[in-house]
Amino acid sequence: MARLSGVERPDDSGLRERKAKAVEEPVKQPVEGADGAAAAAQAKKKTIGRTPDGTDILVLSIIGLHIVLLYLLPSFLRIPIFAVLFLSWRAAYNIGIGWLLHMQSNHSTMVLWARQTKIFVNPATGDNPHPQLYSFIKRELETKIPEDYSFEDAPIEYNTWLVFRRVVDLILMCDFTSYCLFAIACGSRPAEENFLVLILRWVVGLGLVLFNLWVKLDAHRVVKDFAWYWGDFFYLVDQELTFDGVFEMAPHPMYSVGYAGYYGISLMAASYKVLFISILAHAAQFAFLVLVENPHIEKTYNAPPPRKRTIESHAGLAGEEKSSRRPSESSEMVPPPSPVALPSSTHNLVGVKNLDLHRITDSSIILIQVLFFALTMLTPSTPIYQFFFVLNAAIWRLWYSVGIGYILNCQSHRREWTRHFVKFGETKEEAWNQWKGTYHLSMTLCYASFIAAAWKMYTLPENWGYGLAILKHVLGAGLIALQIWTSVSIYDSLGEFGWFFGDFFFDEAPKLTYSGIYRFLNNPERVLGLAGVWGAALITSSRAMIFLALLSHTLGIAFIQLVERPHMQKLYGRGLRQDAGLVRSIKRSLPPSFKQLHGSVDRILDESIEFIEEVLDTARPKLAAGVTTFVKDTSELFHKYPARITITRIEPDLAGYDMNDYSINVDTSDCITIRDGAEDKSEVLVFEYGSPIKVNWTAPLNHSKRDWVGLYMIGQNPSREVTNVSSWGRWVATNHGSFDSVLSEKGLIASDVVVSKPGTSNTSKKPSAKSSSGKKSSTSSSSHEVASGQMVFSGDKLWWTQGVFEFRYHHNGKHNVMATSRPFEIRIPKFDDGQIPSHVSSNGNGFMTTAIEQALLPIVQNCFDRDPEISPQTAEEPFGCETEGDLKYAKRVVYAVHQMFGIEFATEVVRADGNVQNLAWRICNAKKVLAPYSMRKSNGASTPTGESEEMK
C-alpha cells in the first residue's frame, strides 16, 4: 500500500518515516521508554486549554454536564432524557461518523473540504481566510503531538485525520458516558432476588465489563491509533492487515466481543430497558461495520489479483490455433477445455437470490415448505400432533446426519455416488449436481421440520413480567441470530464448492485456506453452527425441544468426527491446522498444568474415536446390505429501473449571464452517422454501446465554477428549462475543486479555456431565449471571448442500456438548464446470421464462432471500460477479475449479449467463461439449441417456414 487513498501522495517524508518505524517494531515490544520521554517533553511544554495529562477540557466539560444533569433531573425524567441523549450520541457515531467515513473513502470529502476552506494554509501567505481557526487547530494538534510533528510541514491528509480524531474522541466519550448514566438511571434490584443471585449477577456483569476492557486495550495495542481512528480512510501505509492478540480470537473483536461490557452493565443494572438499548446499539454498530468499514476494507486490502495475460509465442502457434477452430464434427461439439478441473459455479443453490423455480430442486423445496406451513398452521397443538411433529423432526435430523453421513462416507472410500452415475453413462459433473440437490433438499427439510416442531411446542407466556420470560426470549433470539450469522459466514468462506463437500467428489480440491470465520475456529458448526436449536429450546422451554436440540448437537458432532475429519485427514494430511486462532490464544494464557491436562483429554478422545471407527468398520458390511440411494432430478431476472425522484434545485436569479454564450456539443469523431427518414433531411448520431463520449461546452467568462453537465435519457425530463430527475452519478463538473467529491471531476479534460466566439446583435439574457442546441445566431456581429472546456463520459457515467440521450448543462450546482446537446443514440448492433458463409454445415460452428468472436470483442472491451488492466485485447485473453459483490462488468456483457444475439445468460456464466472465445462458443451452441424456436431463419437445418423473407 504505497499510495494514498484517493488523494495525491504527500512529498513530506516525516509521516512515512514515522509509520515505517512503527511497522518495524515487534507487535509486543514495550514502549514505556518512548512514552516516558514523550511525557517528559510534554511536561516541559506549556499547555493552554488542556489538562496536564493531555485530555481535552472541552470533552471533560461536556461529560461533566452529563453527570450534573443526572442529579439535577427529577427521577421520572432521567430515563427518557438519557435514553434520548444516548441514542443521539449513538446516531452521531454510527450515522454521522459513518457518513463522513463513507464519503471520505469514496470521494475524499474531508480532505477536499480542508483544501477548499484552506484551513491548513499558513496565514502568512495571505491565502487563509480563517487565521484564528488556523492558530487554534495548530495549537491543539501540536499540544496533542509534542514531538516528531510539524503542523506546517505535515501532509494535508494527516492534518485532516488529526482533526477528525478530535471529533471522534468527543463523540465516543459522550456516547459511552451517556450509556453508563442511562444504566445508572435504570438500575434497580428485583424484589424477589435472593443474595446469591445478586452476587452472581454482579460477578458475571463485572467479568463481562473487565473482559470488554481487555478486548479494547489489546485491540488498541495491536492496531495503534492509525487503525483505531480509521487512518486508512485518509492515507495508506506499507502494512497489511494485522491478526494478532484479540484479533485472532474473534472476527471484528471491537464490534463483536468488544460489546460484551454492554451486556455486563445491563446485567448489573437488572433492567430490560438497558438490555434492549444495548442490543439496539450493538445492532447499529454491526450496521456501521457492514455498510462503512467492510466495503472500505474490501476495496483497500482485498483488491482482486491482476489477471493472467496470454502471450502468443510465435505466429506458427497462432496459425495452429486458428486452424483448430475449423469446423469438424469431432471438435465443435466439445467445449473448450477448462484449465481447472473443478466444477464451475454458475447456477448456485444456496440463498434466496439463487432461487430458480425452473429447477426441480427449488420448486420441490417451495412446495414442501408450503405443505409444512399448511400442516403446522391448520392442525391443532394437541399432544398427539405435538408428538408427530417432534417425531418428524427427529427422523429428518437422523437422515440429515446419519443418512447424508453414510453417503459421504461411501463416496470418500469407494466413490459410490459418482460410480452410480458413471454406470449409466453420465459424468461426474452430473453426479455432483444431483448430490447438491439431494443435500440441499435434506438440509431444508431438516430445519423446516425442526421449526414446525418448535412452533407446535411453543406457547405464549401468560405474564411477560413474571420470571425470566423476556430474558429467555431475548437469549433465544440471540442464539438463533448467532447460528444464522455463522452459517452465512461459513458459506462466504467455503463457497458453493465447500458448502456441499466438493472435495468428496473432486480429487483436484483447492488448497486449504483459513479465511473468514475459519481464521478463528476450525469447526464453527460444532458449537456456533447449532446455537439456534438451543435458542429454540430455550424459548419454548419444552423437554421435547431440549431432546431435539441434544440429538441435533450430538449427531452434528458425530458427523464431524466420523465423516468429515477422517476424509480431511486422508485428503490434506499434514496440511490440516491443529489449532485455530481462538484455541491458540487460550492455550497461550493457560498455565503449564492445564496444558498437560488438555493433552491427556485429547488422547482419551482420540482413542475413543478410533475404537468407534473400528466398530463401525466391522459392522459396515451388514449395515450396507439392502441400503439403496435416493435419486431426484434436479431465473428469473428482474431488471430494476431507477426511480424518478424529483430533486430539483433552482437558481432564482440568472441575471448577468448571456444565455447565447452557453452551448454544449457532442464530439462526433467516434460516432456513426445514420440518415433518418426517407428524404435524408436529418442525421441521427449513434454511439456504440459503452464507448466513451466526449463533450465540448462553452459558457460566459463569469459563469459559476459550480456548473456541471449531466447525461439523461430523452423523455425523462418534461421541462427544457429545469431538470427534475436525478442523474444517478452520471455527471461531470466543469471546474476542478468545486464539489465535495473526486468522482465529480472524473472525466474532466479541460476547463475555462478562453476562446473567441462570434457575437449576436440581439443578445438576450433571459433564460427563455437560450439556444438548447448551442447553435449560433444567424445575425452576427463582433466576436467576443467565452470560456470553453471538454469532458468525457465513460464507465459508470454512461447509461449501460440502449436508447436516445442528451447532455444538459446546469448552472451553479443547481438544476437550471442553460444548454442542451443534440440528441444521440446508443445502440447495440444486431448480429446478422446472414453474414456467415452459406456453406457452413449445420453441425459445424467454426466460421460462426469466429464471426461471433469478431463481433463480440469490441463490445466486451467497451463493457470493461477499455481499461488495459481488465479489458481483453484478444478473444483468448481472459477478462479482469472483479469481486463477488460488484458484478457490473458481467452485467454489462450479459445485457449486450442479450441485445446482440437474443440470448440471455446469467452473470455467473460470463464470469465462468472468462474470455471472449469461450463466451462465443457458448453463444454459438445456444443459438443452435434455440434455432427451432427462433423468429429468424438459420443457416443450419431447421423446420421450413414457407415464407419468402425474414420476419422482422
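Every residue gets a Cβ built from N, Cα and C, even glycine.
Sequence annotations record features per position, and here Swiss-Prot assigns compositional bias 'Basic and acidic residues' to 319-329.
Marked as compositional bias 'Low complexity' by Swiss-Prot: 760-783.
Marked as region 'Disordered' by Swiss-Prot: 1-27 (among others).
Taken from Swiss-Prot, the feature region 'Disordered' covers 302-342 (among others).
Sequence annotations record features per position, and here Swiss-Prot assigns region 'Disordered' to 756-786 (among others).
The annotation topological domain 'Lumenal' is assigned in Swiss-Prot to 1-56 (among others) on the grounds of sequence analysis.
For 102-166 (among others), the entry in Swiss-Prot reads topological domain 'Lumenal'.
According to Swiss-Prot, the topological domain 'Lumenal' annotation covers 216-248 (among others), on the basis of sequence analysis. If you average pLDDT over the topological domain 'Lumenal' (216-248) in this model, you get 79.
Annotation comment: Swiss-Prot describes 293-364 (among others) as topological domain 'Lumenal'.
According to Swiss-Prot, the feature topological domain 'Lumenal' maps to 408-440 (among others), an assignment based on sequence analysis.
Annotation source Swiss-Prot lists topological domain 'Lumenal' at 485-543 (among others), citing sequence analysis.
Positions annotated as transmembrane segment by Swiss-Prot: 57-77 (among others).
What Swiss-Prot records for 81-101 (among others) is transmembrane segment, and it gives sequence analysis as the kind of evidence.
The transmembrane segment annotation in Swiss-Prot covers 167-187 (among others).
Swiss-Prot lists 195-215 (among others) with the feature transmembrane segment, giving sequence analysis as the kind of evidence.
Per Swiss-Prot, the feature transmembrane segment maps to 249-269 (among others); the stated evidence is sequence analysis. Beyond the transmembrane segment (249-269), the same-chain residues lying 6 or more positions past its ends with a Cβ under 8 Å from any Cβ of the stretch are 179-180, 183-184, 186-188, 201-202, 204-209, 211-213, 215-216, 219, 275, 278, 281-282, 285-286, 288-289, 489, 516-517, 519-520, 581-582, 585.
Residue counts of the topological domain 'Lumenal' (408-440) by helix, strand and coil are 28 helix, 0 strand, 5 coil (DSSP-based). Contact count against the transmembrane segment (81-101) (Cβ pairs under 8 Å) is highest for 167-187, out of 167-187, 365-385, 387-407. Counting residues per DSSP class in helix, strand and coil order gives 39 helix, 0 strand, 20 coil for the topological domain 'Lumenal' (485-543).
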